[in-house]
């Protein structure tokens, strides 16, 4: 076996096809996109070289700063919400509902399998103020508060977005973390209980450290997903009001495909790639350190 | 060199060659599609927007009637996309050399001009002359198209619209209101209606343009017909005080709640519906709304109950009340590559018959001559048709001379302007920035 795997030709034959496919569908488009970021134009007019003009424009563009800020804010808030809510649900499944949790798990997981656009429309109707008053505003009216135009101001639109995305995906993280919690040996918990650790103390000192690896993978999953969020935002607010809820992904899409500025759109894509890379590196670093120590 | 390193090198070289080859393959695959060769079209394919039902319905009934022979040679095939994604779709199709035979040519004239410059659009003026049907177009419509498309006839006038305010006569009478002639009177009427709990205006903030049209209406009345041309030419900026004044006036209407609740989530159909069911007293709209007004199923207040007035004058302004904003709707054009004899047969049939067909079946006014006399469905249609033929000077709309980016930004921020989340200064600044970045 060692002889086969030590042979470079064997490695090439075994890895080759996968590498070629990976290069064709992942690396080539990335390099291609990087190439476009030094050009100006679109598929109608054709492309012309533009040097680093797109990159200097990127630095000066207030819309990019706004989109980047929104993307980071959204990623942090939604990730925190998703993972915390998922973790609490997982604890609920394991320690409170125990074996009877199957039905609750299914119910909470259900939104994960719904199409994002359907969820977006659902929340739009839920929070709408006109032409019909949605259930949320009806409730507010019932307790004597005036209707709120949730999608009319950037802060309320942001929070509706956050609530929707957490609701939509917490079931997934709950199941993921549930798997991690189930993995904790019953004996460890039992002996901790015998030592007098119950409730929060048990969670804080025994459950949390032992489920850290799966918690870390949830974080990486979540941050990666939320930095690239696109469909849920398009379905719910389409970046509005104005461009207040426009993340980098949507700004990139609009620049390339709506404004027909492919070169600059690619530059924004490069920025997004760099941001994802940096965040992944940081999370990876943190998680590696934690794993070796704990 | 040992055999092993030699092998390794050979493998590396092989992988490298394969990589380069695959990249080259990809490059040719991508680059090659840009310039497709001309092939005779199999269908009279027509890419339209979901929102516009008049043109496709009228064309379909022409294909079964007057244009049957053209349709037999080249069957009509209609495809639709939502108007909001039309620009994306066109740019992708154009990039692939796959534009349909006839298509709605983008939300902003800028995109159409870009397509024309790169030779993707047929030279309609020459083609119509060749076909001998150039006299079938109304001169007013042709001059509007030329004003929009840099002096060229780049689209066909499937619609010819003027814009103004439609109002509910019954509500006006019941509240003792006269048709306002000035902006101040309009605002006063709105205040009176609002005080009686009647929503003065219905407008779609989701679309945005029904709101920015009010802005350009005010600008044309206060600064004259060149107000926005000056901005396009760089002689003035939207951030100049007299321009911001217009935004302030429109924002004030919103601040007082004259557009009702949640204007940002009101879409076009809802706004139309609010007016046609008597829930709002006024609707700023183009004459294409006559199709909805003539339709008894949609129009619950009755066509006889709808009046039309021009955008009111601004006291001391340079513009005049008889300068109507006019347009040819969403421009519809024909691809250069697929324009052959069969396409020509369709075009000449459309030029001769579309005008009367659209007017008769839909109450919709086009820029094609009405060759078979049609009696108007109602008084307001007559009023609008008379206004069109009497109108001497036309003006454009707010985004008419903007690029795609500024158009989108203006329309997506309009709801914020009237809901108060964006100040008039901010709004004009944002749009001006997008204009300057073009």
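For all residues, glycine too, the Cβ spot is worked out from N, Cα and C.
The domain 'ABC transmembrane type-1' annotation in TrEMBL covers A:68-283.
Feature annotation from TrEMBL assigns transmembrane segment to A:12-32 (among others).
According to TrEMBL, the transmembrane segment annotation covers A:74-96 (among others).
With a cut-off of 8 Å between Cβ atoms, the residues of this chain six or more beyond the transmembrane segment (A:103-123) that come close are 89, 92-93, 97, 160, 163-164, 167-172, 174-175, 178, 231-232, 234-236. The transmembrane segment annotation in TrEMBL covers A:103-123 (among others).
Here the transmembrane segment (A:157-182) has Cβ contacts under 8 Å with residues 70, 73-74, 77-78, 81-83, 85-87, 89-91, 93-94, 105, 108-112, 114, 116, 119-120, 123, 127, 150-151, 207, 211, 213-215, 217-218, 221-222, 225-226, 229, 232-233, 236-237, 240-241, 244-245 of the same chain, all six or more residues outside its ends. Under the heading transmembrane segment, TrEMBL lists A:157-182 (among others).
Within the chain, the transmembrane segment (A:202-223) has long-range Cβ neighbours (under 8 A, six or more residues past its boundaries) at 75, 78-79, 82-83, 86-87, 91, 169, 173, 176-177, 179-181, 183-184, 188-189, 192-193, 279-280, 283-284, 286-287, 290-291, 294. Under the heading transmembrane segment, TrEMBL lists A:202-223 (among others).
The transmembrane segment feature in TrEMBL is assigned to A:262-284 (among others).
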